[in-house]
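Q: So TrEMBL has the following annotated:
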type: DOMAIN; residues: 49-198; note: domain 'AAA+ ATPase'
type: BINDING; residues: VAL61, GLY62, LYS63, THR64, ALA65, TYR206; note: ATP binding site
type: DOMAIN; residues: 302-384; note: domain 'Cdc6 C-terminal'
Amino acid sequence: MDSPFKDANHIFRDKEPFKEGYTPDEILEREEEIQEYAAALQDIPDGFGAPNVFIYGQTGVGKTATTQKVIEFLESEAESADVKLTTLAVNCNKRTSTYKVLQYLANELYPDEHFKQGTHPDTLWNRIYERLDEISGYVLVILDEIDKLGEDEELLYDFPRAKAIGELENAEVGIVGISNNFKFRENLSQRVKSTLCEKEIQFSPYDAHELRSILSYYADLTFHDGVVTGDVVPLTAALTAQDSGDARMALDLLETAGDIARHEDDDVVTEDHVRIARSEVDRANTRDIITERLTSQMQLVLMATTLLVIDPDGEAKVKTIYLYKDLCDRIDADTLSESRIRDHLDTLEMFGLLEKGEHNLGRRGGRAYIYSLVDEPRIVVETFQEDERLRQGFPASIDALLGAFEASNQSHIQSEFEG
Ligand SMILES: Nc1ncnc2c1ncn2[C@@H]1O[C@H](COP(=O)(O)OP(=O)(O)OP(=O)(O)O)[C@@H](O)[C@H]1O
């Protein structure tokens, strides 16, 4: 058999910049935020203190990448100004409590020792303070995904006050908290909010113009010259801007379009590759949400809604609830109350799987909520068909129904739930 692998890659020159954790040399389209960020931290090189800063914005809008760049500048400014500065970066995604962050910091500050799980928290605090006093100067603790600490505020309360209350003599701690969870800030207690959110910087989603410039920069680094045809970057930027304004998502789409061109042995990447990539990425996202994030009852409610969407007789005659009960009977699952089903429909909407519209019931009075699927029904049906138990819930004619639906391309409103 001949080797199944392709010859030399004529599409990509380097894929490193697409990887998670890659630090770009340049941060584009964030000039204003960088200026604000620098102003918020100016007290450090000026020698006036270590401030606390809170950075927030949706996922993929450059909060982490911009922070890395600003910290690089800050470190070099501090050095030129002869100001002692230590920066400690912690990702709270993996360290979700004050204790875990302290354990991590202690291990970073004492590379020759190992602080095991179970070390008394007072020991961790004392050793950390001891070391920071030895190092002396300003200490900036950068807590990425700070919202993962949840309601555990001990660290956020104690650390910035350590000098004021005499725990530290020669060092002063400032915190940079980064979050994509908008509720986190609101839920902070007043005493922590007033310190941590002393200075706040918001990062907005990127618009199409900004994404174009970011994508062009990455395309130059990752693709061979002349491979990316004219409309690819603007289309990728426009599709992502309409959806989320998330640079990570845009880069993922561009890479997937390149992968498809490579796989198909095409010489160049075109708009068509981007469109195919878009449907592949959507498919993968939908699958992840359905299989990883929905409870089995939410899956059943989604299944019922999907069946109504593809069943030509389903429109406005049958309600989600009856179909849902029927599905539960078929796969022998418990049935929820109508109000819980309603909650689940709202959750499915929040996950971006369903869209809710409203219509008046005319002479009958009242309103009805109309749910439609955001994705192609086939993506949802195929995901359910991969699950042995859920597959039983579909009627034997599901493939024929789906085929007929696609042929007639009925994608309008289908499921009714009276409000
Ligand atoms: N303005 C930019 N210039 C260059 N690269 C960028 C820019 N914004 C984002 N990126 C790149 O996009 C990806 C996602 O950015 P980043 O991780 O900084 O987003 P984030 O806002 O911190 O997201 P999350 O909240 O999910 O952590 C990274 O690869 C990053 O290098």
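Using N, Cα and C of the backbone, Cβ positions are placed for all residues, glycine too.
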Q: Same chain, not part of VAL61, GLY62, LYS63, THR64, ALA65, TYR206: whose C-beta falls within 8 angstroms of the C-beta centre of the ATP site? Give them in sequence order.
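A: Everything else in range on the chain: ARG30, GLY57, GLY60, THR66, PHE203, ALA247.
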Q: Have a look around VAL61 (ATP binding site) and count the other CB atoms within 10 A of its CB, chains all included.
A: 24
Q: Count the residues of the domain 'AAA+ ATPase' (49-198) that DSSP assigns to helix (H, G, I), to strand (E, B) and to coil, and report the three numbers in that order.
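A: Its residues divide into 70 helix, 29 strand, 51 coil.
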Q: Among the binding-site residues LYS63, TYR206, which residue has its Cβ surrounded by the fewest other Cβ atoms within 10 Å?
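A: Taking LYS63, TYR206 as the binding-site residues, the minimal 10 Å Cβ count falls on LYS63.
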Q: Looking only at VAL61, GLY62, LYS63, THR64, ALA65, TYR206, the residues listed as binding ATP, what is the longest Cα to Cα distance in Å?
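A: Roughly 15 Å, rounded to the nearest whole number.
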Q: Sequence gap of 6 or more, Cβ distance under 8 Å: name the residues on the same chain that satisfy this around ALA65 (ATP binding site), in order along the sequence.
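A: In sequence order, THR23, PRO24, ILE27 meet the Cβ cut-off.
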Q: At a 10 Å cut-off from the C-beta of THR64 (ATP binding site), count the other C-beta atoms across all protein chains.
A: 19
Q: Can you check which residues sit near GLY62 (ATP binding site), meaning Cβ under 8 Å from its Cβ, same chain, 6 or more apart in sequence, and list them in order?
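A: Expected: ILE27, ARG30, GLU33, PHE203, TYR206, ALA247.
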